[in-house]
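First the structure, in the form of structure tokens, and then the observations on it.
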Amino acid sequence: MDSYSDANGTTANDAGRRSALDGTGIRKAVVVTHPGLASGSPVVAQTINALQQRGFDVRLIDKIDSIPVGKSTATVDPDTEIVVVLGGDGTILRAAELVKGTRVPVLGVNLGHVGFLAEFESFELHEAVKRIASRDYTIDERMIADVQIWQPHASEPLHDWALNDVVLEHTDRGSMIEVGIDVDGVAMSSFGCDGVIVSTPTGSTAYAFSAGGPVVWPGVEALELTPLAAHALFARPLIIGSDSTFGIEVLRSSADSSGAWICCDGRRQGMVPNGTRIVVHAAQERLRLARLENVPFTRRLVSKFNLPVIGWREQGKRAAHNRWNEAGPKKPSCDEKILLAQSDAHAAPQSPSRESPTHELSVSEPSTSEPSALRDPSLKERHA
């Protein structure tokens, strides 16, 4: 259980939501839309109408203002049953601010490009609402990073958090910032760089991935630190366990003395002066994502990034397999198709013969004559 539970594992928020689920209260849902999506757009109207027809009291939030770092507040009623997000991953990050501290699950409808956090596409909307109404979904709990910002001479830190990442960057594009890195209070390195990213496993496929960091599976309890264009020999991504802490100090630089820019989840941001220390560790709270299908993360990764699981040399063979599968008496499953194609991809390629440009099989009679070297009279004399 997390820090919001009492000795019996029950919370006031859970009790209120359970009252609604048991039919003793009103079932509440919140629909959060991308800022560029008009409230009267068809997908918004369809979502609200479908939920209302299933007995939900629906609240629409079509705009979430940016707030300064350290000022995050939740605005969703704790007894809300679910938050449905219409947009991409950025909109889901905005919705995460609304449910922080409430344990209300978030279900994403992908209207963006990648949609790593989203659960389904817009054309599956009616099926999704049906599943929501029948409570036919599971909960995927994601790690949240706790962020403490200790500014010089401050008696208390600013508190913030991140589902994806916290990013520290230079403010002057013509110079670097100097940072000192420590783990569990033990100094590890200091270097000049464009910035530093500390990401959760969820955020490892975002900015950190573009900066050369590894993909961390969501079930791994870890934090990742990725330097941005560091001017140092030892400046590789670091991964620590959830019981450890990253410390980042903004050091003074002769090229730039204005401090640095900090941003949590691309949303909550602000300036921090030189001498500021940022401490990041895994929070006890988790963000709850509603899942309609039990799809392995590996499959999501392959699908969202369109990874080449089959070599380019085998594209023609894969197309032939697909045509055969579609015409065959029994259509294999998706997994069977992938395994079949991958097994063919690992087979040793056969190089075509240079002497025979066609695919016809040439059969010759076995030769009973003497070797070619002896058929040449001049060579016979040399062999004699």
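Counting starts with 1 at the first residue shown.
Each residue, glycine too, has its Cβ placed from N, Cα and C.
Unlike curated entries, TrEMBL annotations are predicted automatically.
Cross-referencing ALA145, ALA229, ALA230, ALA232 with the NAD(+) binding residues that TrEMBL gives (ASP89, GLY90, ARG94, ASN164, ASP165, ASP194, THR205, ALA206, TYR207, ALA208, PHE209, SER210) picks out ALA229. A sphere of 10 angstroms centred on the C-beta of ASP89 (active site, proton acceptor) encloses 25 other C-beta atoms. Ranking the binding-site residues ARG94, TYR207, PHE209, ALA229 by the number of CB atoms within 10 A of their own CB puts ARG94 at the top. Its own atom aside, the Cβ of THR205 (NAD(+) binding site) has 25 Cβ atoms within 10 angstroms in the protein chains shown. Counting only residues at least six positions away in the same chain, the Cβ atoms of ALA145, ILE197, VAL198, SER199, THR200, GLY203, ALA206, TYR207, ALA208, CYS264, ASP265 sit under 8 Å from the Cβ of ASP165 (NAD(+) binding site). Using Cα positions, the member of the binding-site residues THR205, PHE209, ALA229 nearest to ASP89 (active site, proton acceptor) is identified as THR205. According to its DSSP assignment, ALA229 (NAD(+) binding site) is coil.
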